[in-house]
Amino acid sequence: MCAAALDKYCGSIFWNASYLETEDPDLPVCVEQTVLVWIPLGFLWLCAPRHLMTLFQKTQVNRKRLSKLYICKQLVVALLFLTAIAGLGVTLGEDFGPNRDSASTVKNAGVFYANPVLFAVSWILVLLCQAGVRRRKETVDSATLFCFWFLLLLCDIFPFQTLLREALREGKVNDVPRFCLFYISFGLELIAFILSAVADIPPELKDRVKKNPETVAPFWSRITFHWLTGMTVRGYKRPLVQEDMLELNKEDSTPYIHGHFQHFMKSELSKARIRFQHKLKKKGVKGKAHDETMQNGLSNGLGKGVSHDVLIMEEKGKKDDEKKKKKDKKKEEENYPNSWLITTIYKTFKGLLFESAFFKLIQDLLTFVSPQLLKLMISFTENKSDYAWRGYLYAVLLLAAALLQTVVLQQYFQRCFVLGMKVRTALMAAVYKKALVVSNDTRKESTVGETVNLMSADAQRFNDVTNFIHLVWSCPLQIIIAIVFLWLELGPSVLAGLGVMVLMVPINGFLATKARNIQIVNMKYKDQRLKIMNEILNGIKILKLYAWEPSFQTQVEDIRGKELKVMRNFAYLSSVSTFIFSCAPALVSLVTFGVYVGVSSDNVLTAEKAFTSISLFNILRFPLAMLPMLIAAMVQTGVSRKRIEKFLSGEDLQTDAVRHDPSFSSAVTISDGSFAWEKEAEPLLKNVSLDIKPGRLVAVVGAVGSGKSSLMSALLGEMHNTKGFVNILGSLAFVPQQAWIQNATLKDNILFGSPDEGKKFQKVIDACALTPDLELLPGGIQTEIGEKGINLSGGQKQRVSLARAAYSDADIYLLDDPLSAVDSHVGKHLFEKVIGPNGILSDKTRILVTHGVSFLPYVDEIVVLVDGKISEIGSYDNLRASRGAFSEFLDTYAKEQSNQNQSKSDHDKETTELELIDDGEDIQPDHPLEDTVSATLKRENSIRRSQRKSSVRLRVNSSIKKPRDVDEIKKGQKLIEKEAMETGQVKFSVYLQYMRALGWGFTSMAFLVYFLQNAAFVGQNLWLSDWTSDAKRYANTTYPIWKRDQRVWVFGVLGVAQGIFVFLGTLILANASVAASRVLHSGLLRNMLRVPMVFFDTTPIGRVVNRFAKDIFTIDETIPQTVRSWIMCLLGVLGTLVGISLATPIFVAVLVPLAVIYYFVQRFYIATSRQLRRLDSVSRSPIYSHFGETVSGLSVIRAYGHQERFLKHNEVTIDENLKSVYPWIVSNRWLAIRLETIGNMVVFFSALFAVISRDTLESGLVGMSISYALNITQTLNWLVRMNSELENNIVAVERVSEYSEIENEAKWITDSRPPDTWPEEGRLQFEDYKVRYRPGLDLVLHGITCDINSTEKIGIVGRTGAGKSSLTNCLFRIIEAAEGRILIDGIDIAEIGLHDLRNNLTIIPQDPVLFSGTLRMNLDPFERVSDEEIWKVLELSHLKDYVAGLQEGLQHEVAEGGENLSVGQRQLLCLARALLRKSRILILDEATAAVDLETDDLIQKTIRKQFSHCTVLTIAHRLHSIMDSSRVMVLDAGKIVEFDSPRNLLEKQGHFYAMAKDAGITEELSTAC
């Protein structure tokens, strides 16, 4: 019916099958005039309304400017309009014109009127659409118009060849006007198509071309990712740097993503909170009980005055209870609002999700087109009488389907990976934002390291899962479709093959669980090893001073041995699973074909069935392998989801804790306030009332633990306000007890976000006594300060912190004991110039916590705290007279003028600035910087959970912001050298080095075995193609059973052989890689313990830990897998190409050009990708460093109210990272699209040549070569990926070997060894001794010459930077002499081994460094002495009672950094170490700076008594401790300026006298006299 109407409409037959049943087929003219016209025009009419709408909207786009391109486009379409009108004119002329044949009544058919009109209207529509596109903001072309022109040309190709062939056949053109009009319009359409592929970039977007080419790329460039080519070429020519990175699209930037995420998170989280409240109401009764236990647990004896040790005992008891409670814990686990994160992510990114799902669906369906085309292709080669054009059509269709699939697949991947990136970004930004406002309860639950982990590991997990999230529905869909098609091919025998596949799943599952358990054990050893490594590196100086390296080396190597054993087991297990996985395809096809031919003798295996099935089974392998992996990944992400939800839904700090009510007259008011650190805990400050008038200077005093720091925190709003209120008028500035310093220049640290005003800045610098330091610092004010202020001494840090406050020009200053960390004369200067009545802050309100009695007479008011309550307030004289708590306090402290009783104050006032970090490195090995809150929480929780298990990552390649004027960096201004980032291609020698570590025998055997496996694979397929030709051979006879069995058996044996070879290959590689791991790690460890101290001064510990963590992990786990995949891919590709070439030898001709293109594409890609990966990791660490820094300085940031600024900084830092992540994602797509196109060409040519030589080819071989080719696309892609992965990862070998080859310090033991009894007397001689810290720096000691006799007691004093600590470093040869020498008992110390020297000297260092392990190990790591001796020294160092009281005695576990001992106890342990060593020379490096008076007294007594026969050198900070020395050495700027007995020096009234006067000693002496 319909056909008849169309016949009439066209005036010719619409369809007749006979058109195609010829050697030379063509479409009927009617189809060309109707269907092929309607398809493109229909598409245009559907898409046009969207463009037309913009014509009716108001737009801001500048419409006056008409670009040349736009004019050309409109012109071409106008010409096309004219051709349509001309076509209509021709028809009208023929039917109604004067020249028409009057005799003929036949008019032109309707189509000749309809088509020109249709086209004319369509061309007007196109004109309007193009105008609409131009009016659209930031639009450079139209995808729909591009597709329209493409469709139109495609459909016009048929009439194009029809007209041409007809003219050639008949030798003349029948219908000249229409013939001409068609070819003119075809030419115009072609021009229009080319023009539509060019981007019309308006002038305002011109600058985008360089910065962000994607936004101005035309449609075809966007789908092929051609816009990235510029960057890939640049990356090939020279290594990319951060400045080459393109700008981000607005919707990919952190502020945009974060804003959207926060918007949905708010509503989802509040819904979850409501659900949680309902849940709690139901459990109301249980809840109360839980609260009580919380309350008891959290108050934890703080403020009750329980001694530290008792607390620890309690903790131990608690630990045992905890194990019992673990079971109950499961029930309580979800006691926070949960199940809101996934919905938030879904709502934020649902657009991307649906887009990618759409592409995935299309791609899944397209996957199954190839096997069907393959089937048609094989039947075509079997049927020799079939027309040749069909074969060519199938070949073209194969190519078209493959190309379409490639484009769609890459679009899907692009969207998924961008989605992953966005989810990671959203989570990182959310975690950071939360960290700024989080309450102390939530903070206490996780350490800094764990919080950083949320940002790094957990957010990354989400990223990884999101990349493949659609497989959840896509895998089952693929499996179902594949089974349906297989059923159609082979009927029920498919179930046998499917059965085998399904059986594989539980086996794989079982192996996966085993593997996971092994991995857990492995991670445990890894953590242990890294924990020890972290401690070794943090305490490296102590190890060197004590010569303890060998002991720790064996500790690490023992753990490493266990770790490698576990790794080997894991490798064996994975080789079993590889064996199963590689046998699977062979087994499945064997079982299926075996059952198929065995069920009935009618079933003969044809090539068509065999190869179609094999290609379907190949499709099935992917979803079956991916599903279990995806489920495992989702389970892991589930854990991360809980952690992130718990953190993000934690409570925020009370925003109303501090009021800002302007009606109050006082600057600071506390009205009957009680404050606690946790909601449920006991208040620490009780019933505090305080009223401070503007402009007053108020001192807060009290014993340790009386709540002074807590009072500061209460004023800052950091504590829970349980009753009463705080009111503050004006802005705050806060100087914490432990200075918080950012990794930025000194200037930025002081400005802290305020504008730079030169005069004011200079004034502050002078007042804070920083001018002399600036002269010493190599870069002056632009000197870059390392992480945690590593290259400043404690005093300098505190002064910078004070300068920051002074510069901020706030109204109220909270100063938490800033004077305890500085020398007495500096303290005096700071008080006079900054804090005191005449200082630069004299008109501000100042609240000063202090222990310095000397300042108290000058303050306006004194607040005395006792046990969290204010006991009295008043002026100095009034309180003195009242004889209350204050006068007690004075009596305690007056004995020691500038006593630093605060146990955690910084103790390295000595470090010279040129010594850079020498002592600085040790400043805080144990406590990563904390603000007051953490410090207090820490005291409360005396044992912290395994502290910095993860904060190791904080410091990866700390990349440094360059100072503004880079050219002017002076030598030494940069303390921490920027990490060398390898660029360019990895040297071949690195591969050789790895292969050498693997062992040449192993390497070559592995290659051979994999080669055999490939041979078996090719053999099996050749056998199969031969088997399929049996169908022809035995076409008319019954199929012999022996033949069938032989076929099945050989096929099976070849399949199993592949599995066995893979198994062997994997085993060989596994053993080899474990050996390589052992070699590389022990080389690294051995060398790291032998490098000189200077190396650790200039290298952040994080960077070294990174070598032991990430790089060794890469060598252990990633590289072996990559090597294996690479070998298998390479041989797989070669096998495929050989297979195709065997089938169609002509294929070799095409192979060469394809190989050349392939080579170039992958070289371009690898160079760019490798550099992008490096940039990614380098730009990632600042995110984590900045985060760690923020968390540790939270109270300072909050006090100054700089949260917004830090949020912005974080967004910028994440964006910098995204700038290298996004191009990396795109570069993978860029590569994939190009490589898959090469793969598609391989498919096309193998099909094409099969058609050309079909007369000589068996159908089995055709099937084999094409099914091979269909597989090669993925393998090619994988090969480049593996190549690139290998290059990226082999860098780890390079980095490890770089650190294995650093120059060592002198030998530990040399041939010239001193006598066993050396040194017998302990005489020291310095002869013109000069030393500098590093080549290129100035001397720190300028020719020291002196003699120190046996058993003399020498005090060494001098200002900061005088070179006191350098002297001790020289004695131990931590730094080697530049000139001169040191003799001990007449032996030059430079001529003996370091260990011989260091074992015979003893030092009690400034910081008591302990290592995790037993107490005994901390005293005697080599187990050289008996327990009796140890108990004896413990008694002498006043620790016997304490240790005897511990459950495990000497085996008591010391926590990391000695966290579970008080500072005093740690210092006493160091004394015990010194007593054990029994050497004749003892150096005390400011050993008592950190302890309270009692401990100090004990230590001094013990030293006087036990070391009376030794030579003792004391580096003194407090002059009291050295007034009884035999002689005092006064150093200044690296020279000895005075050296005599204390009394003589005082009489001389020189340097020493001035120092003593500052410390108030001279008066005491004179009164004593």
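Cβ atoms here come from the backbone N, Cα and C positions, even for glycine.
Keep in mind that TrEMBL annotations are predicted by a computer and have not been checked by a curator.
Residues or ranges marked as domain 'ABC transmembrane type-1' by TrEMBL: 356-636 (among others).
Annotation source TrEMBL lists domain 'ABC transporter' at 668-892 (among others).
According to TrEMBL, the domain 'ABC transmembrane type-1' annotation covers 1006-1288 (among others).
The domain 'ABC transporter' annotation in TrEMBL covers 1324-1558 (among others).
Marked as transmembrane segment by TrEMBL: 35-53 (among others).
Look at TrEMBL and you will find 74-92 (among others) tagged as transmembrane segment.
Taken from TrEMBL, the feature transmembrane segment applies to 112-131 (among others). Long-range contacts of the transmembrane segment (112-131) within the same chain: residues 9, 33, 37, 41, 44-45, 47-48, 51-52, 55, 70, 73-74, 77-78, 80-81, 83-85, 87-88, 91, 142, 144-145, 148, each at least 6 residues beyond the stretch ends and with a Cβ under 8 Å from a Cβ of the stretch.
According to TrEMBL, the transmembrane segment annotation covers 143-161 (among others). Through the fold, the transmembrane segment (143-161) approaches residues 26-27, 29, 32-33, 36-37, 39-40, 43-44, 47, 50-51, 126, 129-130, 133, 182-183, 186, 189-190, 192-193, 196-197, 218-220 of its own chain, all at least 6 residues removed from its boundaries and within a Cβ separation under 8 Å.
If you look at the transmembrane segment (392-413), the same-chain residues 6 or more away from its ends with a CB under 8 A from one of its CBs are 223-225, 356, 359-360, 362-363, 366-367, 369-370, 373-374, 376-377, 380, 470, 1228-1229, 1232-1233, 1236-1237, 1239-1241, 1243-1244, 1247-1248, 1251, 1266, 1273. Here TrEMBL flags 392-413 (among others) as transmembrane segment.
The transmembrane segment annotation in TrEMBL covers 468-488 (among others).
TrEMBL lists 494-513 (among others) with the feature transmembrane segment. Tertiary neighbourhood of the transmembrane segment (494-513): same-chain residues 483, 486-487, 573, 576-577, 580-581, 584, 587-589, 591-592, 594-595, 617, 620, 624, 627-628, 632, selected by CB-CB distance under 8 Å and a gap of 6+ residues from either end.
The feature transmembrane segment is assigned by TrEMBL to 570-599 (among others).
If you look up TrEMBL, you'll see 619-639 (among others) marked as transmembrane segment.
Non-local neighbours of the transmembrane segment (997-1017) in the same chain are 582, 1054-1055, 1057-1058, 1061-1062, 1064-1065, 1068-1069, 1071-1073, 1075-1076, 1079-1080, 1127-1128, 1131-1132, 1134-1135, 1293; each lies 6+ residues outside the stretch with a CB under 8 Å from one of its CB atoms. Residues or ranges marked as transmembrane segment by TrEMBL: 997-1017 (among others).
The transmembrane segment feature in TrEMBL is assigned to 1048-1070 (among others).
The transmembrane segment feature in TrEMBL is assigned to 1128-1161 (among others).
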Distant-in-sequence neighbours of the transmembrane segment (619-639), which means Cβ under 8 A and at least six residues beyond its ends: 367-368, 371, 461-462, 464-465, 468, 471-472, 474-476, 478-479, 482-483, 501, 504-505, 508-509, 512, 516, 581, 584-585
Distant-in-sequence neighbours of the transmembrane segment (1048-1070), which means Cβ under 8 A and at least six residues beyond its ends: 568, 571-572, 574-576, 578-580, 582-583, 585-587, 589-590, 593-594, 597-598, 998, 1002, 1005-1006, 1009-1010, 1012-1013, 1016-1017, 1019-1020, 1023-1024, 1027, 1120, 1123-1124, 1127-1128
Average model confidence [pLDDT] within the domain 'ABC transporter' (668-892): 87
